[in-house]
Amino acid sequence: MNTNSEQVLDQKSRPLRDLRISVTDRCNLRCTYCMPAEIFGQDYPFLPKGELLSFEELERLAKLFVHQFGVEKIRLTGGEPLMRKDMPELVGKLAGIKGIRDIAMTTNGVLLPVYADKLKKAGLKRVTVSLDSLDDERFKSINGRGVSVSKVLAGIEAAKKAGLGVKINMVVQKGVNEKDILPMARYFKEKGHILRFIEFMDVGNTNEWNRQSVVAKADIIRIINEDMPIEPIDPNYEGEVAKRYRYLDGSGEIGFISSVSDAFCTTCNRARLSAKGELFTCLFASSGFDLRTLIRSGQTDQELAEAIGTVWRNRDDQYSLDRALAKAVPRKKVEMSYIGG
């Protein structure tokens, strides 16, 4: 933690440690659980360029989160972050902020062959690549654009060659790709990349989520354990979202992100900044706090920091826990493509 920063706790005594920055709401894929093509079509009102925070505005806010509140990790998300022009330039600006330990990016991997080297040289540490199947036809159906698995695998290889750390995320949906659990586990075990299985979540309003479509963490663990024995291991750090497991044969590890069956709200230390400068304190939020207007109206760094601190101190989100207890009130939620995963 930055020794000059303030320890800011929310209503449930959770610190602010992790900032996720969505740099665009656009994507070159149309995955059914995130940006279904029938809704995010040609006429969808994506954010115009003038509404996006500039790189200079993003750098200014990032410095405040790091220096004033002790944020140590920044993850760049979207949409697809590499759809935003000149991303290595932004990475370079963020990497120059004293106090940041880790800069990562979540991407679908398609554009990594073009950008991986430049991103690494600019200061990016690692990427998390989304891939939901190794079956080409199934993956083409899921991504809504007919993009082949080979395009993503090429991106993963480009990232590895560039020296970036690589993890893979797979969203598992019953009746869609649960058959791919073992093939994915075997493939990335052999490749030496950590694969994380993510329970299908009710983020946004357009992915037709229902609990019957969720393949729970316990079921995924059972499927893998019967074929390749695994055991739980300690988290890398306090508040780590993925539950870590290792293969008993010593050939690596996998992870499980279980927002539905085993909520992790009690240790969530993440803030999310949307592409247009709204601050969100939960992935399942209905609305955010408008920082862009404050920036563009001439607010000082101190005034911005006070606003951010007030938002975090008032935070009491625990949507996934409330959902598990059947206490979550139905509401319109912000789309994942807007806020970042």
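For all residues, glycine too, the Cβ spot is worked out from N, Cα and C.
The annotation domain 'Radical SAM core' is assigned in Swiss-Prot to 11-231 on the grounds of sequence analysis. Residues annotated as GTP binding site in Swiss-Prot, with sequence analysis given as evidence: Arg20, Arg75, Thr106, Lys167, Arg270, Ala271, Arg272. As annotated by Swiss-Prot, [4Fe-4S] cluster 1 binding site applies to Cys27, Cys31, Cys34, with the evidence given as sequence analysis. Per Swiss-Prot, the feature S-adenosyl-L-methionine binding site maps to Tyr33, Gly79, Ser130, Met201; the stated evidence is sequence analysis. The [4Fe-4S] cluster 2 binding site feature in Swiss-Prot is assigned to Cys265, Cys268, Cys282; the stated evidence is sequence analysis.
Averaged across the domain 'Radical SAM core' (11-231), pLDDT in this predicted model comes to 95. The distance from the Cα of Arg272 (GTP binding site) to the Cα of Cys265 ([4Fe-4S] cluster 2 binding site) comes to 15 Å. Taking Cys27 ([4Fe-4S] cluster 1 binding site) as the reference point, the binding-site residues whose C-alpha atoms are within 10 Å of its C-alpha, out of Arg20, Gly79, Arg270, are Gly79. Cβ neighbour density within 10 Å is lowest for Cys265 among the binding-site residues Cys27, Cys34, Cys265, Cys268. DSSP classifies Gly79 (S-adenosyl-L-methionine binding site) as coil under the three-state reduction. Gly79 (S-adenosyl-L-methionine binding site) has a Cβ environment of 27 other Cβ atoms inside 10 Å. Nearest by CA distance to Cys268 ([4Fe-4S] cluster 2 binding site), out of the binding-site residues Arg20, Cys31, Tyr33, Met201, is Arg20.
Only Thr106, Lys167, of the binding-site residues Thr106, Lys167, Ala271, have a C-alpha within 10 angstroms of the C-alpha of Ser130 (S-adenosyl-L-methionine binding site).
Here the C-alpha separation of Cys31 ([4Fe-4S] cluster 1 binding site) and Lys167 (GTP binding site) works out to 19 Å.
Here Ala271 (GTP binding site) is positioned 13 angstrom away from Cys265 ([4Fe-4S] cluster 2 binding site), judged by their C-alpha atoms. Of all Cβ atoms in the protein chains displayed, 24 besides its own lie within 10 Å of the Cβ of Arg272 (GTP binding site). Take the Cα of Arg75 (GTP binding site) and measure to each of the binding-site residues Tyr33, Cys34, Met201, Cys282: the nearest one is Cys282. According to its DSSP assignment, Cys31 ([4Fe-4S] cluster 1 binding site) is coil.
In this structure, the C-alpha atom of Thr106 (GTP binding site) lies 9 angstrom from that of Gly79 (S-adenosyl-L-methionine binding site).
Distance noted between the C-alpha atoms of Tyr33 (S-adenosyl-L-methionine binding site) and Cys282 ([4Fe-4S] cluster 2 binding site) is 18 Å.
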